[in-house]
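A quick write-up on the structure given underneath.
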Amino acid sequence: MRLEGKVALVTGGASGIGESIARLFIEHGAKICIVDVQDELGQQVSQRLGGDPHACYFHCDVTVEDDVRRAVDFTAEKYGTIDIMVNNAGITGDKVIDIRDADFNEFKKVFDINVNGVFLGMKHAARIMIPKMKGSIVSLASVSSVIAGAGPHGYTGAKHAVVGLTKSVAAELGRHGIRVNCVSPYAVPTRLSMPYLPESEMQEDALRGFLTFVRSNANLKGVDLMPNDVAEAVLYLATEESKYVSGLNLVIDGGFSIANHTLQVFE
């Protein structure tokens, strides 16, 4: 029970990686507040995880500061504190790659959720954590935070920004005993990512098609990256096992971002 007695707030916790994080945290003894805009899914996940007093759901649009403030205050009042803040909510945005065709409003929407939402989560978690002189803030970035060409421009720019925010806030909050890190996974099969499979690679079995495409481009063969694997990395950064780790972008990509896939020296 690596999180016995801890309290965590997980944004975007109603589905995908966020749901896996919430489930794993519960398994390790934490109390969880799932924050999302998907009310029905969020309530269902909360109940599947045992409901009150182990898990609860709170409606929150992470782009609205009052929503984030209320979600943080609700969690702290219900459970007495917040030990772990997981900024997981995010979107990929339109599949448009050609910058000449990119919609500026869509670009701003991606930044609003993926960057501003993370900033607000950090800001309001800090309100609770600073007086206690401890806490862990973990945000979800992406392999697109360290390379280009793996996603649309807005998504890539936003995930780079998450890494910058993580380092900047870690530099400030270290004096208060608060650790701030982020996790950058390679392609993971979720409801958010699977529609971005190239049409030429789609199969009748959507999951099989996605995994086939991802495996063909992966550096590390013979293993698939799944939502629970990302949750395990977040768990590590949330626990005392990483007590001296802060400002880290933990890249979980099987070496994809460090390999030059065009030269094929090792073929």
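Positions of Cβ are set from backbone N, Cα and C atoms, glycine also.
If you check Swiss-Prot, you get these features:
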- Tyr155: active site, proton acceptor (ACT_SITE)
- 9-33: NAD(+) binding site (BINDING)
- Ser142: substrate binding site (BINDING)
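A map of Swiss-Prot features onto the structure.
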residue	record	Cβ contacts under 8 Å, 6 or more apart
Leu9	NAD(+) binding site	Ile32, Cys33, Val35, Ala71, Val72, Thr75, Ile82, Ile84, Met85, Val86, Gly121, Ala125
Gly13	NAD(+) binding site	Glu19, Ile21, Ala22, Ile32, Ile34, Val35, Asp36, Gly42, Val45, Val86, Asn88
Ile17	NAD(+) binding site	Asn88, Leu140, Pro185, Val188, Thr190, Pro227, Val230, Ala231
Phe25	NAD(+) binding site	Leu3, Lys6, Ala8, Val10, Ile32, Ile84, Leu235, Ala238
Gly29	NAD(+) binding site	Met1, Arg2, Leu3, Glu4, Gly5, Lys6
Ser142	substrate binding site	Ala150, Gly151, Tyr155, Lys159, Ser184, Pro185
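If you draw a 10 Å sphere around the CB of Ile21 (NAD(+) binding site), it holds 31 other CB atoms from the protein chains shown. All protein chains included, Cys33 (NAD(+) binding site) registers 25 other Cβ atoms within 10 Å of its own Cβ.
Neighbours of Tyr155 (active site, proton acceptor), defined as other CB atoms within 10 A of its CB across all chains, total 23.
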